[in-house]
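*Asks:* The following block contains the structure, expressed as structure tokens.
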Amino acid sequence: MDMKRRIHLELRNRTPAAVQELVLDNCKANDGKIEGLTDEFVNLEFLSLINVGLFSVSDLPKLPKLKKLELSENRIFGGLDRLAEELPSLTHLNLSGNNLKDISTLEPLKRLDCLKSLDLFGCEVTNRSDYRETVFRLLPQLSYLDGYDREDQEAPDSDVEVDSVEEAPDSDGEVDGVDKEEEDEEGEDEEEEEDEDGEEEEDEDEEDEDEDEDVEGEDDEDEVSGEEEEFGHDGEVDEDEEDEDEDEDEEEEESGKGEKRKRETDDEGEDD
């Protein structure tokens, strides 16, 4: 697929001004030149032209907001002054795997004041013994060359890689709706866990109350049983006492009757 056709498909019914990221990797650049890319892409921040067969960047339009440009695995041998003229905001440039042989071909990059990272892996220029020292001296604005700083410390991913399309935060400070949905889901999960914990605590409280009631019920039954036993025992004692009282009364009556008969007999003797 040629570059023009690819750009048309990538637009997806959008206007060029609405595009912030454009990936044209592996499409065909006729005559080794950039085609179909115009200065209407005023908000483009990331452009990738990996392995498209470019010989030069002389047809690159002005892209005032472009920050990252991927040009690796092409056949570019010079003409980098075009980059300095058209890409004032460029911070990351990847020229790995091109036909750059001399340090002098990099001199136009001195005018890219914002350039922080440059990659030249696989270019013949890297074969020089003093390659790194020379490039850092030529381009003092650079922080990283081939992924390492002047002290040979590897660059953090956040410095080497720049997201081409940085999504703007919404009014709530969220990058997009996805983060917000994830937070909502996490909040729901936490609420469900809290509800489950609350239900478990309620169940435990109910079980404790039931156990307390059972214990109290048993104590009440024991008290009632004790009272009944005591009452029964007292009842038996009372009955025995009543029987004894009746026997005593009968004895007294019989004793009284005996005395009466004796008096009557004595009286009869006196009469005789």
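Each residue, glycine too, has its Cβ placed from N, Cα and C.
Reproduced below are the annotations present in Swiss-Prot:
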COMPBIAS  149-254  compositional bias 'Acidic residues'
COMPBIAS  255-265  compositional bias 'Basic and acidic residues'
MOD_RES   SER164  phosphoserine
MOD_RES   SER171  phosphoserine
MOD_RES   THR265  phosphothreonine
REGION    149-272  region 'Disordered'
REPEAT    16-40  repeat 'LRR 1'
REPEAT    43-64  repeat 'LRR 2'
REPEAT    65-84  repeat 'LRR 3'
MOTIF     260-263  motif 'Nuclear localization signal'
*Asks:* Using a Cβ cut-off under 8 Å, which residues of the same chain at least 6 positions beyond either end of the repeat 'LRR 1' (16-40) come close to it?
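*Replies:* Result: 1-8, 10, 46-63, 70, 75, 164-165.
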*Asks:* DSSP says what for the repeat 'LRR 2' (43-64): how many helix, strand, coil residues?
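*Replies:* With helix first, then strand, then coil, the repeat 'LRR 2' (43-64) has 0 helix, 3 strand, 19 coil.
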*Asks:* Reported in the order helix, strand, coil, what are the DSSP residue counts of the repeat 'LRR 3' (65-84)?
*Replies:* 4 helix, 3 strand, 13 coil
*Asks:* On the DSSP side of things, how many residues of the repeat 'LRR 1' (16-40) fall into helix, strand and coil, could you say?
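*Replies:* Residue counts in helix, strand and coil order: 6 helix, 4 strand, 15 coil.
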